[in-house]
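Participant: This structure is in C-alpha cells; I'll ask about it shortly.
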Amino acid sequence: MRNIFKRNQEPIVAPATTTATMPLAPAAPADNSTESTGTGESQEDMFAKLKDKFFNEINKIPLPPWALIAMAVVAGLLLLTCCFCICKKCCCKKKKNKKEKGKGMKNAMNMKDMKGGQDDDDAETGLTEGEGEGEEEKEPENLGKLQFSLDYDFQANQLTVGVLQAAELPALDMGGTSDPYVKVFLLPDKKKKYETKVHRKTLNPAFNETFTFKVPYQELGGKTLVMAIYDFDRFSKHDIIGEVKVPMNTVDLGQPIEEWRDLQGGEKEEPEKLGDICTSLRYVPTAGKLTVCILEAKNLKKMDVGGLSDPYVKIHLMQNGKRLKKKKTTVKKKTLNPYFNESFSFEIPFEQIQKVQVVVTVLDYDKLGKNEAIGKIFVGSNATGTELRHWSDMLANPRRPIAQWHSLKPEEEVDALLGKNK
C-alpha cells in the first residue's frame with residue numbers, strides 16, 4: 001500500500017528535482033509529513049475493508065438475523081456458565097481446605113483431652129473436664145409419689161394392700177392435669193390385677209381403696225408387689241405415669257405398714273395376646289331390632305393342657321350395669337381358630353339404642369371345672385377405640401350389617417370399664 005501511495009505522489013516531488021538551484025534538504029520534511037498522513041488513511045481503509053468483508057461473509061450465510069442474534073446470546077450464556085463453574089470450583093476448594101484444617105485442629109484438641117490436658121477455652125473459663133460432664137448429666141425426673149399401706153393376716157393367709165393417695169403427679173393431658181388410676185398386682189403372677197377408680201383432672205388424687213391377695217406366708221417372700229399409676233385416656237392406650245415396686249422379702253409384716261414412696265419410671269406392659277374376634281352388627285331403627293352375628297375368632301390363647309381350647313361365645317345385652325338378655329354360641333372343640341357364623345337378635349327401641357352395651361366374651365369350655373374366660377370386648381356409645389367406631393358405623397348405616405375385627409382384652413379390664421360407665 002505504501003509503494004502505491006508513493007507512486008501516486010511522484011508528480012508532486014518531480015518539479016522540485018528539476019530546478020538545479022533548489023536545495024535538496026528542504027524536500028525531506030515535506031516527504032515525511034505526506035508519508036504520515038498516508039499511513040493514517042491506509043489504516044482506516046484497511047478497517048473499512050475488513051468490516052465490509054466480514055458483513056459480506058455473514059450475508060452469505062443462509063440464516064435470518066434473529067437466528068444469528070440468538071446464537072450470539074447462547075454463546076454468551078455458555079461463556080458466563082463456564083466462568084461461574086470455574087469460580088465455584090475455586091471457592092469449594094478453599095472451603096474444603098478450611099474444613100480439613102478445622103477438623104485436624106479438632107482432632108488434635110480431642111487427643112489433648114484424652115491425654116488429660118486442658119484446652120485454652122477451659123483454662124480461661126476455669127472449667128475442668130469433670131465439671132463439664134457434671135453439667136451434662138440430667139436431673140432425675142420427678143414423677144410424683146404414692147402413699148400405701150400393707151397388712152398381713154397370718155390366720156387367713158391374706159395380704160391387704162391399701163392404695164391411699166398420690167401427690168405431685170406430672171400432667172399428661174392437654175389441660176395441664178391427668179386422669180390417674182392405679183393397677184395393683186403381685187409378680188410374677190399378673191393374672192390377678194386390681195384397679196382403683198379413675199380420678200378425673202387431678203394431680204393429687206385420694207384413692208382410699210383396699211385390695212386383698214390370698215397368699216400363704218411361705219410363698220409371699222418370693223413375690224413383688226407392684227402399684228402402677230396410669231393416666232386414663234378414653235380414645236387411646238393409657239400411659240403409665242410411674243410405679244412403686246415392693247419386694248415382699250424386704251418388708252416386715254409383723255405389724256401394719258403405711259408409708260410414702262417416690263414413683264419410678266415404669267416399663268410399658270406388653271399386653272398378653274388373647275386373640276381376635278370378628279363380629280357383625282346390624283340395626284333396623286324402624287323395627288327396633290339389633291342383630292349381632294358372631295362370625296369367627298383367630299389366634300385364641302391356649303387354655304387346655306394339649307395346647308388347644310374349646311371356645312364358645314357369650315353375648316350379654318347390658319344397660320346401666322344390668323344384664324338385660326344373654327345368648328351363647330355352640331362350643332367348637334379343640335381349636336384356636338373357631339368359625340361360628342351364628343346370629344342373635346335383640347329388641348331395642350330407637351330411643352334406647354344409645355343407652356345399651358353389647359358385651360362379647362370368648363370362653364374356654366371345661367367339662368369338669370369352671371369355664372374360663374379367654375377374653376372380652378364390648379361395643380356401645382361409651383366404648384372406646386375400634387369398638388366405638390364399630391358401633392358408630394352401625395348407627396350411621398341402618399339396615400346394613402357392619403363387620404369388624406376386635407382384639408380381645410382381659411376380662412378384668414373390660415369389667416372395670418363397664419363399672420366406670422354405670
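For all residues, glycine too, the Cβ spot is worked out from N, Cα and C.
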Participant: In Swiss-Prot, the residues Asp310, Asp364, Asp366 are said to bind Ca(2+) 4. Which of Asp304, Asp393 is said to bind at that same site?
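Facilitator: Ca(2+) 4 site check in Swiss-Prot: besides Asp310, Asp364, Asp366, the record includes Asp304 out of Asp304, Asp393.
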Participant: According to Swiss-Prot, Asp179, Asp231, Phe232, Asp233 bind Ca(2+) 1; identify which of Asp173, Asp189 is listed for that same site.
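Facilitator: Of Asp173, Asp189, Asp173 joins Asp179, Asp231, Phe232, Asp233 in the Ca(2+) 1 site that Swiss-Prot records.
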Participant: Of Asp153, Asp239, which does Swiss-Prot put in the Ca(2+) 2 site with Leu172, Asp173, Asp231, Asp233?
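Facilitator: Same Ca(2+) 2 site in Swiss-Prot: Asp239.
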Participant: Can you tell me the CA-to-CA distance separating Thr202 (phosphothreonine) and Thr386 (phosphothreonine), as a whole number of Å?
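Facilitator: Between the Cα atoms of Thr202 (phosphothreonine) and Thr386 (phosphothreonine), the distance comes to 28 Å.
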Participant: Whole-number answer please: how many Å between the C-alpha atoms of Tyr230 (phosphotyrosine) and Thr386 (phosphothreonine)?
Facilitator: 21
Participant: Going by DSSP, is Thr386 (phosphothreonine) part of a helix, a strand, or coil?
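Facilitator: Where Thr386 (phosphothreonine) sits, the three-state DSSP reduction gives helix.
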Participant: Could you give the number of helix, strand and coil residues in the domain 'C2 1' (142-261) as assigned by DSSP?
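Facilitator: DSSP classes over the domain 'C2 1' (142-261) add up to 7 helix, 65 strand, 48 coil.
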